[in-house]
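The feature domain 'Cytochrome oxidase subunit I profile' is assigned by TrEMBL to A:20-492. The annotation transmembrane segment is assigned in TrEMBL to A:16-38, A:58-83, A:95-122, A:142-163, A:184-207, A:227-249, A:261-281, A:301-322, A:343-363, A:383-403, A:473-496, A:529-551.
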Amino acid sequence: MTYVDDYPGAAKLVRWHFGVAFIAFALGGVFGLLQGLYRTDYFREALPIDATQYYTVLTGHGVLLALVFTTFFICGMFVWATTRSLDRPLYSDRLAWVGFGSMFVGTALAATAILNGFAPGLPFDSADVLYTFYAPLKAHPAFYFGAALLVVGSWILGAVYFLTYREWRADNPDARIPLQTFMVLTTFIMWYVSSVGVAVEVVVFLIPWSLGWIGQVDPLLTRSLFWYFGHPVVYFWLLPGYLAWYTLLPKFAGGRLFSDPLARVVFVLFVLLSTPVGFHHQYIDPGIADGFKFIAMTNTMMLLLPSLLTAFTVVASVEHGARQRGGDGYLGWLRALPWDEPAFAGTALAGLMFAAGGFSGMINAGMNINYLIHNTIWVPGHFHLTVGTAFALTAMAVSYWLVPQLTGKPLRHRRLASIQPYVWFVGMTLMSNAMHRGGLAGLPRRTAEPVGDAGASAFDTVFSTIAEIRLQIALGATLLVVALLMFLVVMLGTWLSRPGVSALSVNGHIPEPLSGASNGPRVLDNLKLWTGIAVVLVLLAYGVPLGSMVADGILNPGASPFPV
Amino acid sequence: MEIHRFEKLWLVASLLLIAGFVATIVYGAVGAGVAMVDNSGGQVAASDPTASSDFRDPGVYQTGDGEYDVYVVARQFSFTPGSGTPIRVPEGSEVTFHIASRDVTHGFNVVGTNLNTMVIPGQVAQLTVEFDDARSYHVACNEYCGAAHHDMTGTIEVVPAEDFDESEVAEA
Ligand code: HEM
Ligand SMILES: [Cu+2]
Ligand SMILES: [Cu+2]
C-alpha cells in the first residue's frame, strides 16, 4: 500500500502544499537568474528590468523562495511525516485546510503587492522592501497582511500536528514519540517561540504604521524583532532537511540510522539555542551594547554542536548503508552508494554543501571578522549553500521519492532526475564560491550595479579578477535555473501522467535505527521541559536589550527631536 | 544512553573547536583591540541628526595630535561628506567616525576593510580606525535603502601628512 491509498486526505493536503511551493520556486528561480545576470552586467541591456526594478525582483526572489517555497514545502512535508510516523490520519483535515487557505491568501496578497512594483499605480502600490522589510522602508499594507497570514497559517498547521499527536498519546500512553513526529513537534516549538517576534513586529507596529494609524516606528526595535525571528527561521528551514538526513538518507543509502537518541538530543539543542542568537545578525548595528552581542555570539558557537553531531551520525549511517551494500575500505565504501538514484544523490550532495555552508557560517558568527563580510555578497554566497541548497536540494530530492507515493504515479523522466542534483551542485559551486570571493573583495549584496562608477579597480580580489568572479556568478546562476527546470519537468511529467501505468518502484518503509529510542532517557521526550528552558534562555538574551529599546519610547527612533 | 566511542571523541573535538572559536574572539577583543560598534555613539533625532547636541555638523574635526573626528550624515542616496566631496584625512591618523542617518537604514562600508557599520535612524554608529597608508578608499552603502541605492557611494582620501591642509578641518 502506498501512502496515498492509506491516507488519501493527508496526501491531497501534501500535494497542494507542494504544488504552491513548486510554483513559488519556479518564479523565484527565474528572478534569481535575472539578478545573477543583471548584477554581473551580462546582457544587462537586454534584460526586461532596470536598476530600480532590480529591487522588485530581489524582493520577489527573497519572499517567494525564503518564505513561501520553504513554508509551504515544510508544512506539507510535516503532514506526511506526522501521519506516517504516528500511523494515523490527521486530527482534522479541515483545520489543516484552513491553515493552508490562510497561507495561500497571505501569499497571494504579498505577491500581488510585490509584483505591483513592475507597474506602479495599481491599487497595491508597491512593496520594494526586500524580504527583511526594514522600517522605515514602507510597503503597501497588503504586503504586511500577507506576511501575517502566511505565519498564522503555519501556526494552524502546527496546531494540527500537536492535536494529532495528542490523540495518538491518548491511545499510546507509554510509547516513545516516534522519531519523525518528535522532529516535527520540536521544530514547531521552536517556530512558535520565534515567530512571535515577527508577529509582534508586523501586527503591533508595521500594519498600523502602513495604514497611517501611527506616524512612526523605531527602526532599531522593529529590526531587532525581525532578527529575533530571523535566525530561528533558518533552523525552521533546516530542520526538515535534518529530518530527511536522519530518517530518509540512511534508508536511501541502503542502511539504517545510527542512533535515534542522539537525533533527539540534536533537535532538543536546536529548540534551546536557536532563538537567543538573533543579535549575531546585528553585530555591526549601533545602539546595541556589545555585551549582548557577545552573549549571542557564544550561543551561536554552541549551536555548532548539534550540526557537528549531525555530520557524524549522518555520515556514519550512510557508511553503514554502503557497507550493507558490499562497500569496503576506508573510503572505498563511497563507491558502493547509489549515486544514480536521484533521491540519494540529491540529499547526499545537499548535506555535503551544507558542510561547506557551515564553514562560511563559522566566519559569519565570528563577531569581529564579521566586519569584513557583513552585507557583502559573501552572505548570499553562504546562505545559498544552506537554505538555497541544504534545504532546496533536499526538498527536491525528497520529492523524487515522495511525490510518487503522494500521487500513486511512478517517477517519470528518471534519467533527467538522476543528473539533476549534479547540475544543481555544479551551478551552486560556481555561484557560491564566486560570491564568497566577491564578498571578500567588498562587493556589496542587494545592489543592482555593485561595481558602478567606481570601476572594478576599487575592489581588490584576493586572487583572480572581478571579471572572473562575475562570469562564475552568471554561469552558476544559469546552471541553477537549468537544474530547476529539469526538476519541474520531472515533477510535472510525473504529476500529469496517467495513474496505474506501471508499479511504483519506491516503498515508503523506513527501517528502525540501529540504536532505538528506548536506549535514550525518557526525559528527551519531555517537550514541556524543553519549551520552558527555551523561553527562559530567550528572556535572558532578549529581556534587557529589548526592554531598553522600548524604554526610550516604544515608537520613538532614537532621541527626542528637541533637546530637553 | 549508549554513545559510540568515536562519537564521544567527535563530541569532545567539537566542544574544543567551539571553545577555540570563542577564545579567538575574546583575544580579538582584548588582545588585538577590535571593538564592536555598540551603543556608545548615543542617540539623535531620527529626522535631523545635526539638531542633537550629540552630533556635529558633517565634516572632519581635529581632536588631538594625529586624531580626528569625522561626522557623516547618510541619506538617500549620498554621504555628507564622502559622496560629493571626499572625506580627507592625513596618513597615520587615528580617526573616529560618527555616522547617522536622516531617513532610512543605510550601510557604510569602506570596501575591502573592516570599517563597516549599519547606519540606523536614531542611532549614531561610532567606530575608531587607523589609516596607515596614503591611498584612496571606495565607500559603499551596503544596505538596500531605496530605488537608487546602488548609486550611494563615496570616497575616503588618505593623503600624505605634508599634503594635508589643516584648513580643511572644520572649526572645533
Ligand atoms: C534558482 C537558482 C537561484 C539563483 C540563480 C539565485 C540567485 C541569487 C542572487 C544572484 C542573489 C543576490 C542578489 C543581491 O544580493 O543583489 C540572491 C539572493 C537571495 N537568494 Fe537566491 N538564487 C537562487 C536560488 C535560491 C533559493 C533556492 C533560495 C532559498 C530557498 C534563495 C534565497 C535567496 C535569498 C533569501 C536572497 C537574499 C535576498 C535579499 O538580499 O533580500 N535563492 N539569489
Ligand atoms: Cu543567523
Ligand atoms: Cu543604500
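Keep in mind that glycine also has a Cβ here, set from the backbone N, Cα and C atoms.
Annotations in TrEMBL come from automatic prediction, not curation.
Keep in mind the model is a prediction, meaning the values are calculated, not measured.
The transmembrane segment (A:227-249) and the transmembrane segment (A:58-83) are in contact, since at least 3 Cβ pairs between them lie under 8 Å (pairs 6 or more apart in sequence). When Cβ distances are compared across the two stretches, the transmembrane segment (A:529-551) makes no contact with the transmembrane segment (A:16-38), since fewer than 3 pairs at least 6 residues apart fall below 8 angstroms. Packing against the transmembrane segment (A:261-281) from elsewhere in the chain are residues 179, 182-183, 186-187, 189-190, 193-194, 197, 224, 227-232, 235, 239, 242, 246, 288, 292-293, 295-297, 299-300, 302-303, 305-306, 309-310, 313, 364-365, 367, 370, 513, 515, 517, 519-521, 524-525, 530-531, 533-534, 537-538, 540-542, 545: each is 6 or more residues past its ends and has a CB under 8 Å from a CB in it. Counting Cβ pairs closer than 8 Å to the transmembrane segment (A:95-122), the top stretch among A:16-38, A:301-322, A:383-403 is A:16-38. The list of residues near the transmembrane segment (A:301-322) in space but at least 6 beyond its ends in sequence, with Cβ under 8 angstroms from a Cβ of it, reads 242, 245-246, 249-259, 262-263, 265-267, 269-270, 273-274, 277, 333-334, 336-337, 348, 351, 355, 358, 362, 365, 514. Below 8 angstroms of C-beta separation, residues 241, 244-245, 248-249, 252-253, 304, 307, 311, 314, 318, 337, 369-370, 373, 378, 381-383, 385-386, 389-394, 396-398, 400-401, 418, 420-422, 424-425, 428, 432, 436, 506 of the same chain, each at least six residues beyond the ends of the transmembrane segment (A:343-363), sit close to that stretch. Within the model, the domain 'Cytochrome oxidase subunit I profile' (A:20-492) shows a mean pLDDT value of 95, rounded to a whole number.
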